[in-house]
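One structure is given below, encoded as structure tokens.
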């Protein structure tokens with residue numbers, strides 16, 4: 001049980017996929033202008049990342065490895081991720097049309113989010129079992145969502161602040177992301 005808790009905490013805080021591994025930067029910068037959009041994207045990504053992680057594990061364990069076709073791993077995982085994203089898009093469209101409109105183009109772009117493919121591939125490379133795959137995928141998703149929501153809240157505050165002209169827009173966003181990354185470095189010794 002402790003092993004699973006450490007894996008979860010390590011994935012969320014210590015080895016955050018956005019701030020440490022630099023995966024998922026496109027939605028991190030693109031969807032973080034409004035807090036409600038960031039929350040919606042975080043929830044959708046959490047669902048997709050967890051489900052894609054588990055699905056990739058199952059495809060690897062029960063199809064690719066037994067047939068000896070591990071060289072098709074990346075292509076297979078992209079296909080699995082696309083199916084999971086389409087399913088998520090249909091669910092969001094049915095349950096929350098407002099969120100569906102707010103997320104706009106970013107919902108289908110979860111398919112190309114490198115964090116989703118990165119988590120699936122790292123899961124296999126680190127030889128996680130089924131339970132660890134679920135926890136790793138969920139932890140990565142929670143970490144992504146946490147950082148996305150915190151960053152969106154900071155960007156909303158910065159939007160109304162008196163920022164010098166040369167720092168407005170992307171410049172202050174990158175500085176803020178860098179400071180946020182430094183803050184998360186404080187968790188480095190938490191899990192070994």
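Going from the start of the chain as shown, residues are counted 1 onward.
Glycine too: its Cβ is placed from the backbone N, Cα and C atoms.
What Swiss-Prot annotates here:
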- 5-25: transmembrane segment (TRANSMEM)
- 39-59: transmembrane segment (TRANSMEM)
- 63-83: transmembrane segment (TRANSMEM)
- 102-122: transmembrane segment (TRANSMEM)
- 134-154: transmembrane segment (TRANSMEM)
- 171-191: transmembrane segment (TRANSMEM)
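When each of the listed stretches 5-25, 63-83, 102-122, 171-191 is scored by C-beta pairs under 8 angstroms to the transmembrane segment (134-154), 5-25 comes out highest. Of the candidate ranges 5-25, 39-59, 63-83, 171-191, 39-59 contributes the most Cβ pairs within a distance under 8 Å of the transmembrane segment (102-122). Only residues 6 or more beyond the boundaries of the transmembrane segment (171-191), in the same chain, are considered here, and those with a CB under 8 A from a CB of the stretch are 6, 9-10, 13-14, 16, 19-20, 28-29, 32, 147, 150-151, 154-155, 158, 163.
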